[in-house]
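These features come from Swiss-Prot:
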type: COMPBIAS; residues: 300-311; note: compositional bias 'Low complexity'
type: COMPBIAS; residues: 319-329; note: compositional bias 'Polar residues'
type: MOD_RES; residues: F122; note: phenylalanine amide
type: MOD_RES; residues: F161; note: phenylalanine amide
type: MOD_RES; residues: F172; note: phenylalanine amide
type: MOD_RES; residues: F182; note: phenylalanine amide
type: MOD_RES; residues: F193; note: phenylalanine amide
type: MOD_RES; residues: F202; note: phenylalanine amide
type: MOD_RES; residues: F222; note: phenylalanine amide
type: MOD_RES; residues: F231; note: phenylalanine amide
type: MOD_RES; residues: N242; note: asparagine amide
type: MOD_RES; residues: F252; note: phenylalanine amide
type: REGION; residues: 38-67; note: region 'Disordered'
type: REGION; residues: 271-339; note: region 'Disordered'
type: SIGNAL; residues: 1-22; note: signal peptide
Amino acid sequence: MGIALMFLLALYQMQSAIHSEIIETPSSYNDNSLLEAAAEEPNSRATASESDLLDGLMSTDNPNPEQQTELEFRYPISAIGIGYAKNSVVLRFQKHARKQNFKYDPDYEMKRKSLQDNFMHFGKRQAEQLPQATGPGYYECIKRSAMDRYGRDPKQDFMRFGRAPPSDFMRFGRAPSDFMRFGRDPSQDFMRFGRSDNFMRFGRNLNFHEELRSPKQDFMRFGRPDNFMRFGRSAPTEFERNGKMDSNFMRFGKRSGVMAKLTKSQLQQNKLTTADGKQQPAEEGNPTDKAISMLFNKHQQQQQQQQGQRLQQEDRQQMKSSAEQNNLEEASVEQFYEP
């Protein structure tokens, strides 16, 4: 790679040496081809004579030609451009420019800094619009200082709406307890920061999510007593037990008419039926009672069937054992009476 690069550099140097021409002694100014072409033109003598005349007039009449280039403009230059069509320089002036004051004014700088540091200016003048100490409206500004609210006492806070200092609205820099007060007494502050822990609490304690609290704090907690928010229910022992529920608790589909007017004891007496000479209470209309009674009857039937099967198996075993004993006795008797 290095050998190829050196070869290319050598070729480039040879090419440049072939196309270049070393000039040891430069030619004179009169031998320039451009001047010779200009001299061959027909109007070359006229242009040369005019330039010579102008140079002669400037050298003879005006001994200081540099003063002719100095110009004084009435307005400051705002921009400088170039007109390529006319080959000229275009100057743009600022007609209504503010008169510059290059003197250092410490009061003006202090006012400017104070305005820059303040926040939330509503309709106040900017720092550039403040009257100068040498201007015509300086003394008028002093008279209107109360209106403009510049350089007030630190006790007079910003954004006051014509109220007395103790009842100011949205004043900055006051005590933390008096922030965003709506003309109220400090004891009746609304939306105060740093208020006590029991503010806007609905009868709750600080330890709201604590388990096993006292019965007095029964607002939406787990483990409340059984009689909380119950609608006409009986004692906890009779509510949703494995049996008959209370008849007057949200029963749907009850019969109307004569049956609805009967009492509970009369309904039970009417439902009693006789079977096999024994009085057995009929199944009540409650679906839970029906399901429980059906399960109980099925269980009793299964037990009876199992007991019957056991008794049959025992009887069969006894019969087998007795038959075997009889066979053995007969065989022994036959052997005894053989000749």
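Each residue, glycine too, has its Cβ placed from N, Cα and C.
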**Asked** What is the three-state DSSP composition of the compositional bias 'Low complexity' (300-311), stated as helix, strand and coil residue counts?
**Response** 12 helix, 0 strand, 0 coil
**Secondary structure content of the compositional bias 'Polar residues' (319-329), with strand meaning DSSP E or B** = 11 helix, 0 strand, 0 coil
